[in-house]
């Protein structure tokens, strides 16, 4: 044992001995043997610890102890044998011994210590130990209620099994801006059942709360505050770090000055704030103020903080801001602006990408989408009006007119319902601060093509001298139009003499002759028919039916005003209802509605202003477009570009071989990419976006034959990265093979990192191989595993129990394997895999270990054993094995129950 030497005049020394206080109820039990002479040992120790050793006092102590050797404690009151109290001097000695045996003598007129209860111990001026098993060490300390322990000047432990270690500290008060507005003196207090307060001015004010750190405050049942002035203000809240605050129910704040005020919210990082219910904020000053919002990132070079202020919003990247409901902003300084009411379901991905309207998608550095339902993909691409699409670097659409499509770097559409495809292709001009509305429904196909008139298709630029085989097709009024004036000059003179009509074509008596019926009509080829003013039918069996129609090619048909059909007969694929090819058939080129254009053998355009380009291309929606072999646009304002691409619903867009946009306002980009849910986006080879408003970026990977293809399969889901799979409403999977599993719809789950996995609702997995398996669990770090409900595992290899919830493991390889356990530090551990040892225990320090229920082990390699219920081990290599025992200091050991070892 350690020895404490107190000198009086350099001549007297008192040696500290182990003090074991025993109390028995019932009949009197006398302390007669030297090993049980309570009075002698207690008086000697108390005098030594109080600094009162001296020759005279040592003599008095011995006399008092001899008197107390004939005394016992019955029902908390001291009684003495009659033979030891027969004289006035003996009675005086007994009274003096009684005072010194139970309390430290009061000096300088201070109040004496007082202990009242079985096994109670009070040490220090004005200290009070009130209750069975209570211990009060230090001037003014108070231990109130059974098994309470108070250590330090003016420290109080006022609840059953409460522990308070510390003293008086100066606490500074701050205003909302962080300026000091006052200061006060605060003593360490633990005032709830099972509460623990460690540190100067620390306060644990509710049952099973824990406050560790100078000025730390834990208010709320089972709340935890770790760090200088860390604060909790609600049940189950956790605050880790200096000036951190967790005020929401079951909220978690980690990092200096972090704040978690929303229910079940999480804030990690310097100044991070989670204000919305179930929100998550990770990063320097990150802000998550929307309900169920997610923020990962810090401050950008421009001073913007990462923030998600709308319900279900997601912001990932320094300075990213998601300011509307269910909006997603990913990338440095990306932004979802709250300009318009209801600016929901928007997506902005890329450096400084921005979305200004509902249901918009902007993908690429500085990409902007400003119109409702607009899609902008490519660096510096811009969509200004509703239902428009810009795909390619610097691609842009009209500021004032919607339903435009620009595909290709530097492509521009400046009209109404216009389409520009190709590098530098453009429709209309910006003239006198206004867009050229005369170029409505125009189409420009090919690099540098220019269309400047309404309802035209241009494959070149007449003004720049750029022409191709087919240029600026219309009614044949310009020299460079298909069936141009130069080619027909030799025919026009004859036509003028024949009332401006011409029919040529009958080479055999069995063939039908060409037929015309209309002013300026032209029919060339056997059985060709041009019916209507300005109608042109060129080719055997061709039909131009309507004013200014053009049909060029065998059996080509243009059957409404201004319709254009250019191409012959081709064998085209036949599809079933599911979109599979079931055969082939001979098909002539058809344009059968006003302003329809069909270019290519077997191409079909059957609705007003529809455009079909390519062999077998088919368009059955108004103002829609299909370009490519077998491409299909089957609803209004739909776009399909690429062989076998299909856009089936209103405003859907499919780009790439076999791409499928199956629902309204969906976008599929890439080889066999599929967007199946309404307003979904799938980008990448074999990418799948199956849920409403879901987003998938990346493909060409399958997680397994059991799980199926990568993608986002539920409402608002996001899957980014090869093999990423999001199978819960509003779930996010980010990283190679990152996975949010489908267990009964794991809504609002997040998995970020290589093979990160979230198995339950509202979980967060952040880091390669990280996993969160219980509802609302958090696993952060390489291979971190939060295995049960509401558990937190932070650090490489950190792990929580798979059987019990509400655990915290913080640190490399930290493990919390018991109910309500907390393990903080590298290799720190609480409990074992099987059994309920370590319930509500705390291990704080490298390799610390807490096995006793409600025990506390603080310091390097500090430990409590299974039998050490409510035990405390404080200091490097300190160990507490007995129930209600305390080991204080480096290497201290307490092996038996109710023992204090220093």
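Glycine too: its Cβ is placed from the backbone N, Cα and C atoms.
Lifted from TrEMBL, the feature list:
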- 115-141: domain 'Trimeric autotransporter adhesin YadA-like head' (DOMAIN)
- 147-167: domain 'Trimeric autotransporter adhesin YadA-like head' (DOMAIN)
- 190-216: domain 'Trimeric autotransporter adhesin YadA-like head' (DOMAIN)
- 218-242: domain 'Trimeric autotransporter adhesin YadA-like head' (DOMAIN)
- 275-297: domain 'Trimeric autotransporter adhesin YadA-like head' (DOMAIN)
- 405-425: domain 'Trimeric autotransporter adhesin YadA-like head' (DOMAIN)
- 469-497: domain 'Trimeric autotransporter adhesin YadA-like stalk' (DOMAIN)
- 544-568: domain 'Trimeric autotransporter adhesin YadA-like head' (DOMAIN)
- 591-617: domain 'Trimeric autotransporter adhesin YadA-like head' (DOMAIN)
- 677-695: domain 'Trimeric autotransporter adhesin YadA-like head' (DOMAIN)
- 772-798: domain 'Trimeric autotransporter adhesin YadA-like head' (DOMAIN)
- 837-862: domain 'Trimeric autotransporter adhesin YadA-like head' (DOMAIN)
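Here the domain 'Trimeric autotransporter adhesin YadA-like head' (544-568) lies next to the domain 'Trimeric autotransporter adhesin YadA-like head' (591-617) in space: the count of CB pairs under 8 Å, restricted to residues six or more apart, reaches at least 3. Applying DSSP to the domain 'Trimeric autotransporter adhesin YadA-like head' (677-695) sorts its residues as follows: 0 helix, 6 strand, 13 coil.
Tertiary proximity for the domain 'Trimeric autotransporter adhesin YadA-like head' (677-695) is limited to same-chain residues at least six positions away from its ends with a CB under 8 Å from its CB atoms, namely 326, 328, 345, 347, 359, 361, 363, 375, 377, 663-671, 701, 709-720, 722, 726, 729. Here the domain 'Trimeric autotransporter adhesin YadA-like head' (772-798) has long-range neighbours at 236, 238, 250, 252, 254, 264, 266, 268, 278, 282, 749, 751, 757-766, 804-816, 826, meaning same-chain residues at least 6 beyond its ends whose C-beta is under 8 angstroms from one of its own. Across the domain 'Trimeric autotransporter adhesin YadA-like head' (544-568), the prediction's mean pLDDT works out to 83. Helix, strand and coil counts from DSSP across the domain 'Trimeric autotransporter adhesin YadA-like head' (115-141) read 0 helix, 11 strand, 16 coil. Long-range neighbours of the domain 'Trimeric autotransporter adhesin YadA-like head' (405-425) within the same chain, counting only residues 6 or more positions beyond its ends whose Cβ lies under 8 Å from a Cβ of the stretch, are 378, 388-398, 435-451, 454, 609, 611, 623, 625, 627, 637, 639, 641, 653, 655.
With DSSP states grouped into helix (H, G, I), strand (E, B) and coil, the domain 'Trimeric autotransporter adhesin YadA-like head' (772-798) comes out at 0 helix, 9 strand, 18 coil.
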